[in-house]
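For reference, the structure is listed below as structure tokens.
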């Protein structure tokens with residue numbers, strides 16, 4: 001029982017990174033129709049930025065949690081304006097290729113600048129140690145990650161349901177044809193939404209900085225699992241991204257605990273089952289036949 | 001919206017290229033191609049020449065799927081790398097001549113492609129790319145775990161090059177090139193034959209308008225699955241030759257970066273041109289070799305920039321641009 005609680009917390013913490021980043025992937029896909037391959041690289045940049053800011057100007061994790069996503073927001077908006085925008089009228093596969101090329105570029109640039117050995121990141125002492133809950137010592141940092149992820153998801157949910165911008169984004173994500181037909185101008189939200197999605201990936205990266213090894217390659221497995229997450233949850237679905245993220249985190253944690261050999265494979269088995277049973281994903285809508 | 005598959009050449013241009021190319025033009029192109037293929041190891045370091053030939057077939061196999069069926073696979077490393085491991089294991093444990101081992105590897109890739117293809121062709125477009133990518137990565141993790149069979153992180157060492165006891169081929173990369181080239185050319189001929197068959201015409205019909213092809217009574221998913229398996233088999237031939245040429249198989253052959261690299265070659269050469277991939281492969285392999293030998297370790301910076309530039313400014317690719325200029329000159 002104790003072990004189950006421990007693995008659940010561990011899985012939800014891992015799932016927090018997936019959920020936050022997948023949420024960004026989902027809103028970008030929803031509004032732009034772009035599958036952003038560079039999302040893993042943006043996650044990596046978030047972690048690297050946090051580490052570099054700590055090292056050079058001594059920025060604390062608390063401040064980095066706000067500053068880095070803002071930097072990534074600006075960076076994402078630039079990427080959209082300078083690159084992604086030109087390919088929006090074309091087959092969405094072009095932007096997959098573009099962001100793939102961008103990934104190669106960003107990863108090797110970081111590798112050249114900061115090496116391959118990984119950057120250090122010291123966790124703030126307030127988040128060190130364990131708390132006792134039902135007789136189990138749970139790492140404070142994992143609980144903190146879950147808390148932040150849930151807060152952000154709640155915040156995004158409020159943004160999506162209570163504000164006009166959110167409603168437009170939601171309409172464009174879930175029923176793009178209908179939103180257009182009702183005369184909603186989705187176009188002007190394209191750049192900020194892309195930036196927002198990138199900022200969420202950056203935030204996941206900052207949260208991961210004290211928890212995972214910070215290397216240029218840290219996003220390269222992450223993005224593949226992220227793709228599995230959105231295929232499982234349903235690519236067009238915001239709820240699906242969050243639920244899929246936590247689900248995959250749990251599968252990973254329990255897999256590592258009880259069948260370590262198959263832990264990573266289990267996620268893809270889960271994906272295969274979902275593709276077989278519900279091709280559109282758990283929360284997805286059937287795609288219009290192209 | 002223009003489909004990605006017709007980027008290398010517009011549909012009408014492709015039809016003109018198929019119907020309008022005069023026999024002598026085809027013969028000239030074929031002749032040039034053969035001369036380059038036969039002369040390559042005289043000008044390029046032979047192992048690199050072999051790499052170019054293997055990647056060229058790999059890119060042609062990918063274009064068979066992407067250019068003629070409109071399906072962008074981001075998981076073809078599964079078949080290239082899967083066959084590389086299978087070929088290596090067959091060659092090590094059975095000691096058969098290397099062409100037999102390569103055929104075995106290609107067969108393994110085709111068998112592997114059946115379940116992956118069956119699941120993937122349920123989705124199209126961007127979903128197809130993501131699902132193939134994920135399944136290929138699953139294979140990567142499996143190969144990493146099954147280290148007793150694959151050598152895990154260390155790779156599969158000591159793949160022999162046995163060839164009927166002919167020592168020149170078994171030890172000298174120059175002669176090995178000529179022993180392996182027929183396999184590559186056979187694969188390319190097969191791709192050409194598939195494209196220019198009634199089956200190939202149905203593929204193009206599905207690519208251009210899947211609902212219409214369905215309405216005409218074609219089983220779209222079955223056609224897609226068959227071409228997926230064929231493409232996997234040709235990728236397997238290429239991967240097998242690559243494995244024997246290098247004498248070892250390493251995990252990166254299965255990684256998504258390999259899938260991306262072959263997509264880059266195809267896009268650079270021109271999607272839907274079949275032979276464009278050969279040029280793309282030649283350029284990228286030589287560029288990578290040059291960068292590696294000059295001690296530059298950030299090859300992703302260069303290939304990433306090429307990728308971004310081609311996709312933004314140069315979507316027809318090299319072969320597609322050449323054909324476009326040739327055809328528009330002729331029609332004016």
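Heads up, the Cβ atoms here are built off N, Cα and C, so glycines get one too.
The structure displayed is predicted, hence computed values, not measured ones.
For B:27-46 (among others), the entry in TrEMBL reads transmembrane segment.
Among the features that TrEMBL reports, transmembrane segment is placed at B:52-71 (among others). Within its own chain, the transmembrane segment (B:52-71) has Cβ neighbours under 8 Å at 3-5, 8, 37, 40, 44, 80, 121, 124, 128, 177, 180-181, 184, 187-188, 191, 194-195, 200, 203-204, 206-207, 223-224, 227-228, 230-235, 237-239, 241-242, 245, 262-263, 265-266, 269, 271-278, 280-282, 284-286, counting only residues six or more beyond its boundaries.
Taken from TrEMBL, the feature transmembrane segment covers B:126-143 (among others).
If you look up TrEMBL, you'll see B:174-192 (among others) marked as transmembrane segment.
Annotation comment: TrEMBL describes B:225-250 (among others) as transmembrane segment. Within the chain, the transmembrane segment (B:225-250) has long-range Cβ neighbours (under 8 A, six or more residues past its boundaries) at 47, 50-51, 53-58, 60-62, 64-65, 68-69, 71, 73, 76, 78-88, 91, 98, 101-110, 112-114, 116-118, 120-121, 150-151, 155-161, 173, 176, 180, 183-184, 186-187, 190-191, 194, 199, 203, 262.
Beyond the ends of the transmembrane segment (B:262-287), by six or more residues, the same chain brings 4-9, 14, 33, 44, 48, 51-52, 55-56, 58-60, 62-64, 66-68, 72, 74, 76-77, 80, 188, 191-192, 195, 235, 302-303, 306-307, 310-311, 315-321, 323 to within a C-beta distance below 8 angstroms of the stretch. The transmembrane segment annotation in TrEMBL covers B:262-287 (among others).
With a threshold of 8 Å between CB atoms, the same-chain residues lying at least 6 positions outside the transmembrane segment (B:299-318) that come near it are 7-9, 261, 264, 266-271, 273, 276, 279-280, 283-284, 287-288, 291-292, 324. Annotated transmembrane segment per TrEMBL: B:299-318 (among others), in sequence order.
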